[in-house]
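Participant: Quick one: structure below, then a few questions.
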């Protein structure tokens with residue numbers, strides 16, 4: 001089991017940019033500047049200072065996470081095999097393709113090896129570029145080969161430094177989004193500080209470096225910043241075209257680097273759909289965003305050799321349905337309240353029916369079943385009937401796919417982030433409901449319009465989009481803990497924007513009859529500064545202690561296993577075992593695998609369930625026959641799985657296999673009435689007794705405290 005241990009000794013104030021000001025700029029000596037010259041100079045100064053602060057914070061964040069990674073593992077001092085083992089589970093699988101491209105005789109041979117790969121899944125030749133999102137590894141490996149840096153920088157450092165560098169892009173994008181929303185870079189500074197001080201809940205890049213989300217989320221943040229700018233009013237045509245180009249590039253890169261891109265962008269498309277229905281966004285810009293999402297995803301589909309999972313995605317079906325429905329219902333935004341509400345209901349039903357119909361037709365034509373496990377998981381998670389499906393239960397029993405733990409909110413509250421977020425969210429939601437009702441009603445009463453004037457100011461299109469975005473991704477995070485990083489980072493943006501927004505403070509002060517322009521500006525700057533001082537005072541010492549704490553990577557059992565495999569097995573040997581371990585076997589030894597952690601393929605899921613019978617109650621003859629079906633030469637058994645205690649009864653891997661096989665689970669507790677006792681003992685336990693019925697098929701060739709390796713007998 002991989003652990004870390006203690007390391008042994010000896011080894012200003014700026015003006016609101018692009019925001020209308022009610023007063024003229026005043027110099028400290030009281031002299032009034034002209035509106036045009038003074039504001040222009042002040043804006044240039046503000047943008048310059050704000051830009052410098054943004055870049056500085058981004059670079060500091062990169063250095064911060066890189067230092068934490070070094071201090072936690074002593075990465076610069078450990079052996080190459082230990083570095084590779086530190087890339088756990090699927091991270092190791094993705095990094096192995098970067099290593100494979102680096103070690104290839106040429107770039108052409110490296111690409112050929114990925115397109116015609118027969119080592120990732122035994123007895124199958126698969127196209128890695130089609131099945132997995134590894135173009136980033138391909139690009140980095142080519143860049144490393146052509147740049148004159150081989151003598152100065154090891155391949156692994158070039159890889160991890162690129163990921164840590166993307167954290168700078170991430171923080172800068174969050175900073176810019178908050179700045180655009182509030183009109184002051186002080187808001188961006190606060191967003192970046194919240195992101196850093198809430199690092200446990202905003203990123204996990206320092207210990208899961210090659211994970212797909214660490215590549216994708218910086219581009220997603222850039223896309224959100226570009227959309228925020230696009231939704232501003234009074235953009236020049238050139239600005240609009242450039243911004244649309246930026247949105248497309250960011251969308252494309254986000255889609256290219258993460259297999260879950262379609263689900264995230266579906267939520268984004270739902271946000272646009274909701275706002276468009278309530279007439280809170282410019283329709284033309286919304287249509288462009290739908291088209292950009294579809295075109296970006298289709299371009300990725302082409303690069304991934306027409307990956308059928310992309311073509312059958314709900315996002316493409318939904319966006320196409322919305323565009324079709326809009327052409328059918330051309331007068332959707334005309335009429336009174338009841339008329340428009342009725343049209344809106346019909347529009348939603350039409351889009352929903354078209355989405356399901358188009359998606360079903362596409363999947364029928366393509367015979368697509370790659371994503372069925374996701375819908376089985378969602379069905380079981382939200383209580384639409386219990387399931388014995390092995391794949392769905394495998395997700396349901398993982399903590400990462402469970403509900404967001406309550407202690408997350410206590411950590412976010414320590415930095416005041418959660419309190420501020422809820423405060424801003426409440427105000428913005430109330431304003432959104434009122435504005436949506438007004439837009440639907442189409443009322444022209446003067447008194448009513450006067451009351452709505454304040455709400456309209458605080459809910460411009462860019463703010464409205466970010467409101468719905470944070471609500472929808474908040475719901476996703478609450479339901480699935482692994483997705484919290486999409487929410488918490490945007491939470492920093494949204495909370496800082498609200499705290500630095502002149503419109504929000506103006507609305508609050510008017511409600512309590514205390515509004516003056518001077519008081520609004522004082523509060524707009526003083527509250528964020530006080531918050532920054534509080535965060536610095538409370539968390540700076542902890543950050544310094546964290547940076548001074550030195551640990552060391554320590555996993556001798558896995559290191560011993562990998563070294564034994566490299567020294568004592570042929571290069572063509574095929575290994576079976578758990579998905580997580582086999583990813584490390586491929587990276588560290590280059591041996592052929594029977595299965596791996598990239599689960600988005602039906603055949604692989606069925607294969608994994610069969611391989612996992614080594615932890616079920618099956619006869620040695622059955623297990624041997626199954627393993628030999630995949631040309632297995634060696635099988636690795638892990639005590640941590642065979643005698644698992646991490647999960648409760650019913651969620652241990654052996655329990656999931658027993659239920660799927662119709663067998664009664666081990667231990668005290670209830671069983672479903674139709675489950676029966678197995679005729680055979682548990683394979684992973686019984687094989688260690690060296691009984692003749694087992695030794696005729698399996699020979700133990702390696703053993704330590706964690707792993708047991710058996711060579712399979714090849715019967716004629």
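Cβ atoms are placed via backbone N, Cα and C, with glycine included.
Features from TrEMBL:
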type     : residues : note
COMPBIAS : 1-10     : compositional bias 'Basic residues'
COMPBIAS : 21-30    : compositional bias 'Basic and acidic residues'
REGION   : 1-30     : region 'Disordered'
TRANSMEM : 41-66    : transmembrane segment
TRANSMEM : 168-195  : transmembrane segment
TRANSMEM : 215-235  : transmembrane segment
TRANSMEM : 241-258  : transmembrane segment
TRANSMEM : 270-291  : transmembrane segment
TRANSMEM : 297-324  : transmembrane segment
TRANSMEM : 344-362  : transmembrane segment
TRANSMEM : 416-441  : transmembrane segment
TRANSMEM : 462-481  : transmembrane segment
TRANSMEM : 487-509  : transmembrane segment
TRANSMEM : 521-540  : transmembrane segment
Participant: Would you mind listing the long-range same-chain contacts of the transmembrane segment (241-258), meaning Cβ under 8 Å and 6+ residues beyond its ends?
Facilitator: 133, 135-136, 212-213, 215-216, 219-220, 222-223, 226-227, 229-230, 235, 264-265, 288-289, 292-293, 295-297, 299-300, 303
Participant: Please figure out which one of 168-195, 416-441, 521-540 racks up the most CB pairs under 8 Å against the transmembrane segment (41-66).
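Facilitator: Top-ranked stretch among 168-195, 416-441, 521-540: 168-195.
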Participant: Which of 168-195, 297-324, 344-362, 462-481, 521-540 has the most Cβ pairs closer than 8 Å to the transmembrane segment (270-291)?
Facilitator: 462-481
Participant: Out of 168-195, 215-235, 297-324, 521-540, which stretch touches the transmembrane segment (462-481) the most, going by CB pairs under 8 Å?
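Facilitator: Ranked by Cβ pairs under 8 Å, first place goes to 215-235.
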Participant: Who are the chain neighbours of the transmembrane segment (297-324) in space, where the CB to CB distance is under 8 Å and they lie at least 6 residues beyond its ends?
Facilitator: 127, 129-131, 133, 135, 252, 255-256, 261-263, 265-266, 269-270, 273, 287, 290-291, 350-352, 354-356, 358-359, 362-363, 366, 368, 370-371, 600
Participant: Among the recorded stretches 168-195, 215-235, 344-362, which has the greatest number of Cβ pairs closer than 8 Å to the transmembrane segment (521-540)?
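Facilitator: Most Cβ pairs under 8 Å with the transmembrane segment (521-540) come from 168-195.
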